[in-house]
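Taken straight from TrEMBL:
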- E133: active site, nucleophile (ACT_SITE)
- E137: active site, proton donor (ACT_SITE)
- 22-245: domain 'GH16' (DOMAIN)
- N141: N-linked glycosylation site (CARBOHYD)
- 1-21: signal peptide (SIGNAL)
Amino acid sequence: MAMLRAVSVTVGVLLAAATAADSWLYEEFTTDGNVRADYNAQGQQVASLMLTQQSGGGAFGSRQKYLYGEFSIQMKLVPGNSAGTVTSFYVSIPFHSIQVRAQNTFIVEQIQGPMLLNCLVQLSSGDGPGHDEIDMEFMGNSTGQPVVLNTNVWANGDGKKEHQFDLWFDPAADYHTYTIIWNDKNVLFKVDDLFVRSFRRYADLPYPGAKPMSVHATLWDGSYWATQKGKVPVDWSGAPFVVSYRAYSADACVPAEGSPLSCPAGTDRWMNRQLDDAERGTVAWAKRDYMRYNYCDDGWRFPQGFPAECSRG
């Protein structure tokens, strides 16, 4: 019994040490809605967002705002029939349009602030003049169909710059790493070790480079558009829907009023980051084999001509 008690104490001490070393959710974020934090056997904190018909979805948003940085997180998406659900990891200025679900009626209203309220889920945080945002959104699927990764960039209210990809793996079977690199030259989107998109900065075109942004994650009901253009809504008989996040990392510059940017050591690693030839090859591979939608090919959406960056390579 004494030995068992000693082992229990040792395990407790080790778990406490691991917990202290990895408690990113409540140290760096505020939460709203259905959010739960646990620890896995390796001592990693795992944040889970849950979506139900009665109480809506969940969200967390960083207390700190950043101006440029590398933001990364590991995610395990909703398993099985996730049609109609939308999971996100993104950076944004603190302005959101949100969707209120009440008695099967969707009401759109706008709120100031970085977070969503209980039983409110994000509709489109890109609405509104002056809005900046960089998105990685995962649009759920019917069982057996690919999950779609939607990438988008908003700058000064100018958006609608989506590239969408069918993921080439099951993102619910295990954790995968999703990364946004944002500097004054380009925005880079990365899945595990592969770059899938580069959005370049042009001096004469809008670019998200003037406003500090915070980091967000959400799980919400996107039945009206997420799966097959809204043809397949959420099947609530499969609720609750759960997505898990772990291993969050932010290597980023922090703005201060009237002062220069405060940047961590080693900033050059991502501040000057642009794609090399091999990485441009992975972007071309993703575009050739897995791209589902490219705004620069959508003549119906842009009958007066494509956005200027579409013709600049």
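Keep in mind that glycine also has a Cβ here, set from the backbone N, Cα and C atoms.
Keep in mind the model is a prediction, meaning the values are calculated, not measured.
Counting in whole angstrom, N141 (N-linked glycosylation site) lies 25 from E133 (active site, nucleophile) by their C-alpha atoms. As a whole-number mean, the pLDDT of the domain 'GH16' (22-245) in this prediction is 87.
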